[in-house]
């Protein structure tokens, strides 16, 4: 019984500790206009990519932004060009989805044990780039993710208070036509634990 409650408490704590960092992946997001768009995370945090989305017919289908996203090495990040060996990480290819924008999520695990999954390390940086699927514009969209830890590839001597808080992408930024809002409800981690509690109690002999 004590083991059960300890496990449940550990689950609640781990869910509550994880942060979600949202990035609106489209060319009208001004954060992509800089060459060093960076998100700071910790192990077990999530990265949520919000794909381009159009809620009306003001943009021709051929001009709607659609992307293939890659997780690449630093050299490919600088060139904004994936190698043939780089497998596509995600596809943003439903710009008119009725349920709202597609959300693609990455969890920064230390070790997953799955062959096709990526293991992430503290103190390392990881790089995402995209290539357009149909539209002609070939603007480079790229993102650097730095995982907090003992070793950092790009240490800063005097990080300011804002950087210490590991900021996510600003959800209030004014992003243009390719972003919509999903009506799907979101549950906080504690709410998930409360919902799971009755089911887990039924399993106790």
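Keep in mind that glycine also has a Cβ here, set from the backbone N, Cα and C atoms.
It should be emphasised that the depicted structure is a prediction, and the values quoted were computed from it without experimental measurement.
Going by Swiss-Prot, these are the annotated features:
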type: SIGNAL; residues: 1-18; note: signal peptide
type: DOMAIN; residues: 19-151; note: domain 'Ephrin RBD'
type: CARBOHYD; residues: 26; note: N-linked glycosylation site
type: DISULFID; residues: 51-92; note: disulfide bond
type: DISULFID; residues: 80-140; note: disulfide bond
type: LIPID; residues: 182; note: GPI-anchor amidated serine
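In the predicted model, residues of the domain 'Ephrin RBD' (19-151) average a pLDDT of 90. In the domain 'Ephrin RBD' (19-151), helix, strand and coil residues by DSSP number 13 helix, 45 strand, 75 coil.
Other Cβ atoms within 10 Å of the Cβ of residue 140 (disulfide bond) number 14 in total over all chains.
The two recorded residues residue 51 (disulfide bond) and residue 80 (disulfide bond) have their Cα atoms spaced 19 Å from each other.
Summary: among the recorded positions (26, 51, 80, 92), the fewest other C-beta atoms within 10 A of the C-beta are counted at 80. In this structure the alpha carbons, written CA, of residue 140 (disulfide bond) and residue 26 (N-linked glycosylation site) are 10 Å apart.
Cα of the residue listed as 'N-linked glycosylation site' to Cα of residue 80 (disulfide bond): a distance of 15 Å.
It is 17 Å from the Cα atom of residue 92 (disulfide bond) to that of residue 80 (disulfide bond).
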